[in-house]
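Structure first, then comments.
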Amino acid sequence: MAAPSRLLIRGGRVVNDDFSEVADVLVEDGVVRALGHDLLPPGGAPAGLRVLDAAGKLVLPGGIDTHTHMQFPFMGSRSIDDFHQGTKAALSGGTTMIIDFAIPQKGGSLIEAFETWRSWADPKVCCDYSLHVAVTWWSDQVKEEMKILVQDKGVNSFKMFMAYKDLYMVTDLELYEAFSRCKEIGAIAQVHAENGDLIAEGAKKMLALGITGPEGHELCRPEAVEAEATLRAITIASAVNCPLYIVHVMSKSAAKVIADARRDGKVVYGEPIAASLGTDGTHYWNKEWHHAAHHVMGPPLRPDPSTPDFLMNLLANDDLTTTGTDNCTFNTCQKALGKDDFTKIPNGVNGVEDRMSVIWEKGVHSGKMDENRFVAVTSTNAAKIFNLYPRKGRIAVGSDADIVIWDPKGTRTISAKTHHQAVNFNIFEGMVCHGVPLVTISRGKVVYEAGVFSVTAGDGKFIPRKPFAEYIYKRIKQRDRTCTPTPVERAPYKGEVATLKSRVTKEDATAGTRKQAHP
């Protein structure tokens, strides 16, 4: 990215997660240099200073999408939005950073997967990014590579799949080992929470019944499958006192499990996504196959139409914590790989461009949350959990100048005809959203303004993340100090101890005689 010019964002309402104030924001060398009133020098702007008028608008920290899959090779295809097109679309929606996933095959090297994803992303990204790394199998090699990734590669989060049997799924014992390792090295464990065994059996049942269309995808992965795995993951994480992050929370029942666990004091965070907050699974029964197929994702959207409203309420009240998109897009011809078998439809939907507007519409415009909570769930909480704060997720002196000038009264209609993503379908088609990004600034450079991009591939950069994020590990460390079980001190037992005798039955004795007679 070229050296950014000096910027003065003047007269807007600066919104952080904990307060709002009308103020000017001075940006220099890619970071916020000053925040206050009347920062414009007398006599007007000096040479080299560009003034952006934000009067009547909101000035927000750039969004952080915690969950994307750009150009992901999956289910026989590759997601159509690559790191260039996907991050460019993100900027147009007010998101200035994504966290993608490096996912090795079973038996593959985590470090090699990480380097592969870096080689794909670094030349293409238009905004800053980081990487989670998936643990798809377990061995001493995996254990050692996790440590190397944390110490040398800037990774502090690892994802485990409880679904996708025979592809990415790990066992409960492997979860226990991976969670234990995450805690040792100061990372946060993430899980895709679905019962993979039940899904596999459910899919066989649906196909045997002649159900081959997209509706079969949801029917074989009901809410209970997600809720059971969510509770199981929380139970295992609690057993080793490891912080846990549940990705793409899609159902009311799974969300309730997380909410209950948080109220019980568990260190667990839930991530609903734009799709689960903005639409529902009734689309799987649409008469147009391509329409239904474009909504197929895992876990699936839920057919209960009250689900988005329920999840938004929990998000507004801190039972759920962050928002991602699970942006993993496939065009219609790619989805058609499963035209005769729903298990072969590549899983994934859009969202990276529309997340901020959808959450504003469904959350703030509806009255469920205020502007500060919006900033928390779209940016700040993610920055805190993944140890990017206050460099990211806040407008403050010294923070990266990732900033969005937001028009809360403006509206836009979402459509595949006008969006900037490569995919030819949009699950939010026709939704009218209040809340529109007017200007997006990435590390001090105006990269999107009034529908025009000023960015090229490679302008973004990889952001390393350190382990032991205080936001999540302060409680973990204190619990280790004060809550570790200790033995009861008691006098040794000095009484009689019974002698165990071998119980040999008549049948056992006869069998033994036969074995001796017939060696």
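Heads up, the Cβ atoms here are built off N, Cα and C, so glycines get one too.
Record note: Swiss-Prot gives H67, H69, D326 as Zn(2+) 1-binding, and the candidate from K153, K159, K409 in that site is K159.
For the Zn(2+) 2 site, Swiss-Prot lists K159, H248; matching the candidates H192, H283 against that entry yields H192. When S79, S109, S276, S357 are compared with the annotations in Swiss-Prot, the one labelled phosphoserine turns out to be S79.
Over all protein chains present, the Cβ of H248 (Zn(2+) 2 binding site) has 23 other Cβ atoms lying within 10 Å. K256 (N6-succinyllysine): 16 other CB atoms within 10 A of its CB, across all protein chains. All protein chains included, Y164 (substrate binding site) registers 19 other Cβ atoms within 10 Å of its own Cβ. For K256 (N6-succinyllysine) paired with H192 (Zn(2+) 2 binding site), the C-alpha to C-alpha distance reads 16 Å.
Taking the Cα of N347 (substrate binding site) as the reference point, the closest of the binding-site residues H67, H69, K159, H192, H248 is H69. DSSP assigns H69 (Zn(2+) 1 binding site) to coil in the three-state reduction, placing it in neither a helix nor a strand. Neighbours of D326 (Zn(2+) 1 binding site), defined as other CB atoms within 10 A of its CB across all chains, total 28.
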